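Asker: Okay, here's the structure, questions in a sec.
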Amino acid sequence: MRLIIVSGRSGSGKSTALDVLEDNGFYCIDNLPAGLLPQLAENALIHTELLQPKVAVSIDARNLPSHLSRFPELLAEARGRHIQCDVLFLDADEDTLLKRFSETRRRHPLTNADRSLAEAIRVESELLGPISDLADLKIDTTSLNLYQLRDSIKLRLLNQPEPGTAFLVESFGFKRGMPVDADLVFDVRCLPNPYWKPELREHSGLDQPVIDYLAAQPDVEEMFTDISTYLLKWLPRFAASNRAYVTIAIGCTGGHHRSVYITERLGQLLQQSLKNVQVRHRDL
């Protein structure tokens, strides 16, 4: 049986995540009391005819604070039933969460006459800290629309051909912020920038003219060699430590040229020696 626990601050996309999982064959339970997590795992093993082999639950700040603070021991108890259990934590920056609540006019579950929306969001962060700290996978939804979030969840959680650590190599642009879910970040802004070549500006790192230009730059090749040498040595150590997910982020200024080129090459190289390597370009 596989159990996915979905959590995150209100407005970060938990409902969308549950919808995606339900569409892909998961039996979904919204706002499960955290204290019932071990019982759910036990009943799922005993009554296999009643529950599907894939279950997803959301646990959020509507829980009792005492249950949320006990999440580490509750999770350990559930995993003690020998169930594959993944914790997905969704989040976005505070300005984005405020904007989403303003646009939808929904009420935050922790607001009241004495607590503003901004204060409720900060209180929620504290309450969900024990879950965030134990998340196997974190997805920053700040810059994602609904369709991108659905694709990201399917890519990271559902498209794993074999068990083991799932590696994601992701390009991004610093001007739109660093991905908060990255485990390793490499800054390639020091490399020659095709953006300043008028004939290359409208192309991306996926296009042959940009590929040819960057491949001819000695600094680019040296940077690629250094990064790939590091990753080939240390990523297997991540896998050996039973990490479920590892995200490697490659950043340039806009996320269109240098980071895309390096990310594509790294993905192709790592796929030759590691299982479950995926490539994503955040800002294309």
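In case you wondered, yes, glycine gets a Cβ from its N, Cα and C as well.
These came from Swiss-Prot, pasted as-is:
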{"type": "BINDING", "residues": "G8, R9, S10, G11, S12, G13, K14, S15", "note": "ATP binding site"}
{"type": "BINDING", "residues": "D60, A61, R62, N63", "note": "GTP binding site"}
Asker: Return the residues near D60 (GTP binding site) by Cβ distance under 8 Å, restricted to its own chain and a separation of at least 6 in sequence.
Answerer: S7, G8, S10, K14, N31, P109, L128
Asker: How far is it from R62 (GTP binding site) to S12 (ATP binding site), counting Cα to Cα, in Å?
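Answerer: Just about 15 Å between their Cα atoms.
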Asker: Report the same-chain neighbours of G11 (ATP binding site): residues 6+ apart in sequence with Cβ closer than 8 Å to its Cβ, ordered by sequence.
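Answerer: In sequence order, the residues whose Cβ lies under 8 Å from that of G11 (ATP binding site) (at least 6 apart) are A92, T96, L97, R100, F101, R106, H108.
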Asker: What does DSSP call G8 (ATP binding site) in the simple three-state scheme?
Answerer: strand
Asker: Based on DSSP, name the secondary structure state of A61 (GTP binding site): helix, strand or coil.
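Answerer: Looking at the DSSP assignment, A61 (GTP binding site) belongs to neither helix nor strand, so coil.
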Asker: Looking at the binding-site residues R9, S12, G13, which has the shortest Cα distance to A61 (GTP binding site)?
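Answerer: Minimum Cα distance from A61 (GTP binding site) across R9, S12, G13 lands on R9.
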Asker: Looking only at Cβ atoms, how many others are within 10 Å of the one on N63 (GTP binding site)?
Answerer: 20
